[in-house]
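What Swiss-Prot says about this one:
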type: BINDING; residues: PHE25, ALA59, PHE60, GLU61, ALA83, VAL84, ILE85, PHE116; note: 5-amino-6-(D-ribitylamino)uracil binding site
type: BINDING; residues: ALA88, THR89, ARG130; note: (2S)-2-hydroxy-3-oxobutyl phosphate binding site
type: ACT_SITE; residues: HIS91; note: active site, proton donor
Amino acid sequence: MLHVKTIEGQFDAKGLKFAIIATRFNDFIVDRLVGGAVDYLARHGCEREDMTIVRIPGAFEMPIVAQKLAKSGRYHGIIALGAVIRGATPHFDFVAGEATKGLAHISLDSGVPVGFGLLTTDSIEQAIERAGTKAGNKGVEAAAAVLETVRVMEQL
């Protein structure tokens with residue numbers, strides 16, 4: 001086997017600060033995502049006083065809030081949590097697409113990892129499945145991805 005330097009992130013959140021953006025729209029689903037993210041970070045060493053939850057109206061507002069948080073310099077990582085459920089109009093496509101693009105730009109422009117926990121589903125049932133039932137909890141997954149990315153970036 002070839003021996004090459006490998007950089008991996010450790011799942012240790014001690015001493016790190018995180019902002020969690022949570023939409024109020026579909027809050028009965030988003031609250032489960034938030035609970036999963038907070039629990040994950042706490043179990044991995046992050047103190048609750050080092051987590052800030054920022055409630056916003058909906059997914060479309062995520063990028064501007066993430067940008068402000070990233071520019072503040074107070075957070076090692078940002079976790080964006082929300083749920084956009086497809087309806088009968090193209091509204092879903094516009095909101096989900098713009099939020100996704102905006103969050104990616106914020107992460108790239110600022111250098112602050114932004115975890116993508118925005119559910120984009122065809123039904124309420126699918127959203128519930130991804131908020132802690134059959135398909136796991138995407139809030140946990142977004143928190144884990146941000147934590148690992150923060151720790152990788154410290155080594156680059």
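Cβ atoms here come from the backbone N, Cα and C positions, even for glycine.
Location within the structure of each feature annotated in Swiss-Prot.
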{"residue": "PHE25", "record": "5-amino-6-(D-ribitylamino)uracil binding site", "CB count, 10 Å": "17"}
{"residue": "ALA59", "record": "5-amino-6-(D-ribitylamino)uracil binding site", "CB count, 10 Å": "28"}
{"residue": "PHE60", "record": "5-amino-6-(D-ribitylamino)uracil binding site", "CB count, 10 Å": "19"}
{"residue": "GLU61", "record": "5-amino-6-(D-ribitylamino)uracil binding site", "CB count, 10 Å": "17"}
{"residue": "ALA83", "record": "5-amino-6-(D-ribitylamino)uracil binding site", "CB count, 10 Å": "27"}
{"residue": "VAL84", "record": "5-amino-6-(D-ribitylamino)uracil binding site", "CB count, 10 Å": "25"}
{"residue": "ILE85", "record": "5-amino-6-(D-ribitylamino)uracil binding site", "CB count, 10 Å": "18"}
{"residue": "HIS91", "record": "active site, proton donor", "CB count, 10 Å": "12"}
{"residue": "PHE116", "record": "5-amino-6-(D-ribitylamino)uracil binding site", "CB count, 10 Å": "20"}
{"residue": "ARG130", "record": "(2S)-2-hydroxy-3-oxobutyl phosphate binding site", "CB count, 10 Å": "23"}
List the Cα distance (Å, whole number) between ALA59 (5-amino-6-(D-ribitylamino)uracil binding site) and HIS91 (active site, proton donor).
12
Candidates PHE25, GLU61, ALA83, ILE85, ARG130 (binding-site residues) - the one closest to the residue listed as 'active site, proton donor' by CA:
ILE85
What's the CA-CA gap between PHE25 (5-amino-6-(D-ribitylamino)uracil binding site) and ARG130 ((2S)-2-hydroxy-3-oxobutyl phosphate binding site) in angstrom, rounded?
16
Tell me the Cα distance separating ARG130 ((2S)-2-hydroxy-3-oxobutyl phosphate binding site) from PHE116 (5-amino-6-(D-ribitylamino)uracil binding site), rounded to the nearest angstrom.
13
What three-state class does DSSP give ILE85 (5-amino-6-(D-ribitylamino)uracil binding site)?
strand
Of the binding-site residues listed here (GLU61, ALA83, VAL84), which is spatially closest to ARG130 ((2S)-2-hydroxy-3-oxobutyl phosphate binding site) when Cα positions are compared?
ALA83
Please find, for PHE25, ALA59, PHE60, GLU61, ALA83, VAL84, ILE85, PHE116 as listed binding 5-amino-6-(D-ribitylamino)uracil, the greatest distance between any two Cα atoms, in Å.
17
